[in-house]
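Colleague: This is the structure, below, for whatever I ask next.
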Amino acid sequence: MHCDVLWHNAQLMTLDAADGGLGIVDDGTVACQQGRIVYAGPAAQAPALQPHATHDCQRRWISPGLIDCHTHLVYAGNRANEFEQRLRGASYADIAAAGGGIVATVRATRAADDAALLAASLPRLDAMLGEGVTTLEIKSGYGLTLDDEIKQLRVARQLAALRKVEVVPTFLGAHAVPPGGDAQRYTDQVCTQMIPAIAAQGLAEAVDVFCEHLAFSHAQAEQVFIAAQAHGLHIKIHAEQLSNQHGAELAARYGALSADHIEYLDQAGIAAMAGAGTVAVLLPGAFYFTRDTQVPPIAALRAAGVPLALATDCNPGTSPLTSPLLAMNMAATLFRMTVDECIAGFTREAARALGRSERLGRLRAGMDCDLAIWDIDAPADLVYRMGFNPLHARVLRGHLC
């Protein structure tokens with residue numbers, strides 16, 4: 001069998017085991033042809049391969065490239081000053097009353113042109129790529145006007161053109177009510193003006209909504225879902241982060257790819273997600289940064305068979321995090337997730353949360369050849385250590401990056 005590239009003398013985490021584990025192969029080989037894996041498994045069982053190029057991995061570990069399935073990467077401005085104010089005793093209400101909070105990010109993002117937004121976002125993207133990310137989702141949501149939401153999504157597309165990475169764009173116009181606006185009037189605008197325009201331009205694959213008492217109601221979220229489906233877009237939701245608004249249950253009824261945050265998720269929501277195959281995207285960075293105490297119902301989600309994905313939730317207000325490795329450690333420490341769950345959460349299950357499980361997140365024939373090659377002794381090192389980046393190489397579609 002001819003192939004373009006062969007990686008050998010490697011230990012593999014295929015994430016393709018029947019038991020849902022890491023699918024470890026001790027002496028493994030990965031072969032790639034035209035950007036797709038043609039073989040991944042034990043070297044002893046490999047077909048006769050005739051590669052154009054070979055890489056001796058010297059017993060390093062190979063996993064699927066990491067996938068960050070929930071980010072707000074494209075924004076302008078800096079809210080470190082608010083962090084400092086909170087440490088000195090200011091409340092979120094105090095900061096918001098002084099013009100801070102999400103309004104500050106909206107103001108800065110609206111004021112920035114494409115070039116400024118791109119310059120601000122590239123370092124955040126580069127930090128993620130430096131830890132093995134090959135695919136990430138990027139949400140809009142800091143424009144809150146049609147032109148500014150389009151600007152964010154346009155910059156997300158530009159990032160993918162400038163770096164070797166796959167970007168999955170999500171429209172999050174229903175992130176917050178614009179300053180001085182009315183929630184229902186703005187929801188109507190999202191549904192009748194923004195979603196049709198963004199769908200027509202092919203700028204987003206999915207629509208997200210923040211369903212919470214301080215954002216959009218259950219009924220308004222459903223209105224957004226109906227509009228999204230009418231325009232052929234996938235559905236996602238920020239749900240049950242601060243209270244139980246039954247948003248995850250609603251999203252599951254509409255076949256949502258994922259429900260994210262879900263600290264206050266109840267049993268009815270879990271059952272609905274399990275029945276619909278909706279992925280639970282857990283965001284330990286936001287939990288940590290906001291000093292939350294309501295842990296997502298991990299054991300109940302496990303018992304129901306709901307897939308568990310992880311993401312950084314990179315954003316300026318509640319999770320200024322660009323490290324998937326640190327997010328894994330947070331998930332293990334704060335949520336008591338296992339090593340296998342943490343690694344699967346940034347590979348196999350993250351691919352599922354983005355509707356890409358047919359080609360990303362596992363090492364098996366037919367999948368895209370997106371790899372992360374690690375200088376580690378065991379998979380647990382990726383989760384156990386903090387402030388440690390053992391990435392040896394990143395591969396996208398069979399090409400070293």
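Cβ atoms here come from the backbone N, Cα and C positions, even for glycine.
These figures come from a predicted structure and were not determined experimentally.
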Colleague: H70, H72, D313 show up in Swiss-Prot as binding Zn(2+); which entry in H2, H238, H246, H392 does that record put in the same site?
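Modeller: That Zn(2+) site, as Swiss-Prot gives it, pairs H70, H72, D313 with H238.
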Colleague: Would you identify which residue of T14, T312, T318 Swiss-Prot lists as part of the 4-imidazolone-5-propanoate site it also attributes to R79, Y142, H175, Q241?
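Modeller: Answer per Swiss-Prot: T318.
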Colleague: Around Q241 (4-imidazolone-5-propanoate binding site), how many other CB atoms lie within 10 A of its CB?
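Modeller: Q241 (4-imidazolone-5-propanoate binding site): 25 neighbouring Cβ atoms within 10 Å.
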Colleague: Checking your reading of the structure: which of the binding-site residues H72, D313, G317 lie inside a 10 Å Cα sphere centred on R79 (4-imidazolone-5-propanoate binding site)?
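Modeller: Candidates kept after distance check: G317.
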Colleague: Considering the binding-site residues H238, T318, which residue's Cβ sits among the greatest number of other Cβ atoms within 10 Å?
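Modeller: Answer by Cβ density within 10 Å: H238.
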Colleague: Here are some binding-site residues: H70, H72, H175. Which one has the most Cβ atoms within 10 Å of its Cβ?
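Modeller: The most densely surrounded of these binding-site residues is H70.
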Colleague: When the Cα of Y142 (4-imidazolone-5-propanoate binding site) is compared with the Cα of each of the binding-site residues H70, D313, G317, which one is closest?
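Modeller: Of the binding-site residues H70, D313, G317, G317 has its Cα closest to that of Y142 (4-imidazolone-5-propanoate binding site).
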Colleague: So which binding-site residues are near H72 (Fe(3+) binding site), with CA atoms within 10 Å, out of H175, Q241, N315, T318?
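Modeller: Final answer, ordered: N315.
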